[in-house]
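Taken verbatim from TrEMBL:
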- 23-287: domain 'NADH:quinone oxidoreductase/Mrp antiporter transmembrane' (DOMAIN)
- 56-79: transmembrane segment (TRANSMEM)
- 91-115: transmembrane segment (TRANSMEM)
- 127-146: transmembrane segment (TRANSMEM)
- 152-171: transmembrane segment (TRANSMEM)
- 178-196: transmembrane segment (TRANSMEM)
- 202-219: transmembrane segment (TRANSMEM)
- 239-258: transmembrane segment (TRANSMEM)
- 278-296: transmembrane segment (TRANSMEM)
- 290-343: domain 'NADH dehydrogenase subunit 2 C-terminal' (DOMAIN)
- 323-343: transmembrane segment (TRANSMEM)
Amino acid sequence: MNPYAKLITSTSLILGTTITASSNHWAMAWTGLEINTLAIIPMISKSHHPRAIEAAIKYFLIQAAASATMLFSSMINAWQTGQWDITQLTYSTSCLLLTTAIAMKLGLVPFHFWFPEVLQGSSLITALLLSTAMKFPPIIILLLTSNSLNPTLLTLMAIFSAALGGWMGLNQTQIRKILAFSSISHLGWMTIIIIYNPKLTVLTFLLYTLMTSSIFLSLNTTNTTKLSTLMMSWTKTPLLNTTLMLTLLSLAGLPPFIGFLPKWLIIQELTKQEMTPAALTIALLSLLSLFFYLRLTYFTSITLPPNPTNHTKHWYHNKSTNALIATLTSLSILLLPLSPLILTTI
């Protein structure tokens, strides 16, 4: 991509996110979301591959429909109550329409179909942006309106998202699709707690962003997009693959790593809110996700040559592991002892 085009798209992404996060008026929030959508589309389609063009078109259609639904929801609420303030969403039909629009933008069940396909058609860096930065503005709107939304509907969507994210990721061989279903599963954890403890949702999103960024950047360094090529990457960068294995275990939520912290706190908060069945259900559904994380871990570090892989070896360009990947992976693995300090800040 042309450096000037890259500068414009990056600046537009930051601008759109800032406008949405700092706005109180529905029109300004909608404007920020539209700027974000128009900025990410050139990044999705920059390879000019038919799959990338298809992903860009799918993303545009879904985001345009979600933005129109959100604007329609705000107009109905303004017609009924005379309020354009985001926090003053009180009309029941508007709340239902807004929940639908945000679910479409985030990729929550049952509006999740577009997300794995779009990630599969994008490059690893663009997929990272779609999984993290593009989820931040809709989550901010969901946080601002969480007191007005239907808790039963959000709980059902969250549980189904955790179930489908774990179930659909079991038989995938493309790493970007596996991480897409991982994102859907983690969105279920963020959504189920958003009404009862919004700060915990923000903490979960930030830690998810930290771990996912380190995984995508590590995969981009070794140019790995499939399980078959992941098996061959140990001999190229053994140290990077070791940290990738530990980061995947952290994303799975195993106790020695920081990924365990948000799941533990969410289950504790749900129990305090007398939602023990929901906490038990979503905890059991996380075992589905744990299976394909362990599968990725197995392919990353345990399947070693000269085991047969039935895969043609690719030419490998040696990329030096930069300080950003080292910092992100270190935080993703070793941040759990600082959890008391993290909890006091929220």
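Just so you know, glycine gets a Cβ as well, placed from its N, Cα and C.
Annotation: stretch 178-196 has the most Cβ pairs under 8 Å to the transmembrane segment (152-171), among 91-115, 127-146, 178-196, 202-219, 323-343. Spatially, the transmembrane segment (323-343) is adjacent to the transmembrane segment (239-258); three or more Cβ-Cβ distances between them are under 8 Å for residues at least 6 apart in sequence.
Recorded stretches compared: 56-79, 91-115, 239-258; the one with the most Cβ pairs under 8 Å to the transmembrane segment (278-296) is 239-258. Listed by sequence, the residues of this chain that lie at least six past the ends of the transmembrane segment (178-196) yet keep a Cβ under 8 A from its Cβ atoms are 106-109, 112, 115-116, 119-120, 127, 131, 135, 139, 142-143, 146-147, 149, 151, 154-155, 157-166, 168-169, 172, 204-205, 208, 212, 215-216, 251, 262-263, 266, 269-270, 273, 278, 282, 285-286, 288-289, 292-293, 296. Remote same-chain partners of the transmembrane segment (239-258), defined as residues 6 or more beyond its termini with a Cβ less than 8 Å from a stretch Cβ, comprise 182, 207-208, 210-212, 214-215, 218-219, 221-222, 233, 286, 289-290, 293-294, 296-297, 300-301, 321, 325, 329, 331-336, 339. Beyond the ends of the transmembrane segment (91-115), by six or more residues, the same chain brings 33, 58-59, 62-63, 65-67, 69-70, 72-74, 76-77, 80-81, 130, 135, 138-139, 141-142, 145, 148-150, 153-154, 157-158, 160-161, 163-164, 180, 183-184, 187-188, 191 to within a C-beta distance below 8 angstroms of the stretch.
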